[in-house]
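What TrEMBL says about this protein:
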- 1-359: domain 'FMN hydroxy acid dehydrogenase' (DOMAIN)
- Tyr24, Tyr129, Arg164, His254, Arg257: glyoxylate binding site (BINDING)
- 77-79, Ser106, Gln127, Thr155, Lys230, Ser252, 285-289, 308-309: FMN binding site (BINDING)
- His254: active site, proton acceptor (ACT_SITE)
Amino acid sequence: MEITNVSEYEAIAKQKLPKMVYDYYASGAEDQWTLKENQHAFSRILFRPRVLIDVSKIDLRTTVLGFNISMPIMIAPTAMQKMAHPEGEYATARAAAAADTIMTLSSWATSSVKEVASTGPGIRFFQLYVYKDRSVVTQLVRRAERAGFKAIVLTVDTPRLGRREADIKNRFVLPPNLTLKNFEDLDLGKMDKTNDSGLASYVAGQVDQSLSWKDVKWLQTITKLPILVKGVITAEDARLAVQYGAAGIVVSNHGARQLDYVPATIMALEEVVKAAQGRIPVFLDGGVRRGTDVFKALALGASGVFIGRPVVFSLAADGEAGVRKVLQMLHDEFELTMALSGCRSLKEITRDHVVTEWDHPRIAPRL
């Protein structure tokens, strides 16, 4: 069967993967309301396309933190990719580099920063969880710097792990042949089997629940790399991110895996963009499955989007080729959406190109 869109990879991944692994990637917190909403909310934003514009040449290129990339579509950090495919993060890194875009490596990757760097050139960011033992954090950041990573993506929505009931039912644990490679020689690379989610127990034991804004400042004292704050969904926190020197914000609800009944990220985006007042870029993570979704995010003020689940599902289905295809499909769909909306470059995408149900409830009824 020929794959014609990103969402089709999920069913293939579900067939191929052990239940525990598929459920870990696919599930959200508690009732999974936000999980469904992250995707569905995009359908409540409609287009106002402009016609009779010369769209014979379309430029998707953009810069993120000064790095020039082929499109405003990047790879979000997703943990333990070797559960999806033996090549795991190596395959994802090669696919991102081939597409000329940015990959974010998870702290909880099954390949180390050094191993990922060994795949060849590419622009890579390192996602960071702050552990109770700050010397561990310092070592992780140093290694990321040495491996040529260009930014730190600080996850700020996980003082504790959300309640992911599938993981509890499955007694989720990292398969015995794999380790959290960035922590291997720090004796934190293994996860114990528990009567709960093994990951939830690991987080409770290791991740610092006292993390606060002052730690964003502390991080700036240990690294010169720009720091993106990932997990902001309110104006109040957006203003604090600016105040505390973040280089950018990723509007994210952790793939709906932390607090259920928070808004879809596309619904929270404009509030955050307005609060940031153009002082730092704002990115969106969560629910992006179509080029139309990318356009909608940019029209509402995002500087780019990050994709997570589409990467692990396509990786499970077809390894590096799967991830390449996802990036190519999103690129092509986004380019087509731009053409059909009358936009030749990213700067031509404006708020006037979309209408939302909160602008005019009668025009965009609840679909």
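Note that Cβ sites are derived from N, Cα and C of the backbone, with glycine treated the same way.
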Counting only residues 6+ away in sequence within the same chain, which have a CB under 8 Å from the CB of Pro77 (FMN binding site)?
Thr104, Leu105, Ser106, Ser107, Gln127, Val153, Thr155, Gly308
Which whole-number value in Å describes the distance between the Cα atoms of Arg257 (glyoxylate binding site) and Gly287 (FMN binding site)?
12
How long is the line from the C-alpha of Arg289 (FMN binding site) to the C-alpha of His254 (glyoxylate binding site), rounded to the nearest angstrom?
16
Where the record says Tyr24, Tyr129, Arg164, His254, Arg257 bind glyoxylate, what is the longest distance in Å from one Cα to another among those residues?
19
Which has the fewest other CB atoms in a 10 Å radius around its CB: Tyr24, Tyr129, the listed binding-site residues?
Tyr129
Cβ contacts of Ala79 (FMN binding site) (under 8 Å, same chain, 6 or more positions away):
Ser106, Ser107, Trp108, Ala109
Please name the residue among the binding-site residues Lys230, His254, Arg257 whose C-beta has the most neighbouring C-beta atoms within 10 angstroms.
Lys230
Restricting to the binding-site residues Tyr24, Tyr129, Arg164, which ones have a CA within 10 Å of the CA of Asp285 (FMN binding site)?
none
Given the binding-site residues Tyr24, Tyr129, Arg164, His254, state which is nearest to Gly287 (FMN binding site) when distance is taken between Cα atoms.
His254
Local Cβ density at Arg309 (FMN binding site) - other Cβ atoms counted within 10 Å:
24
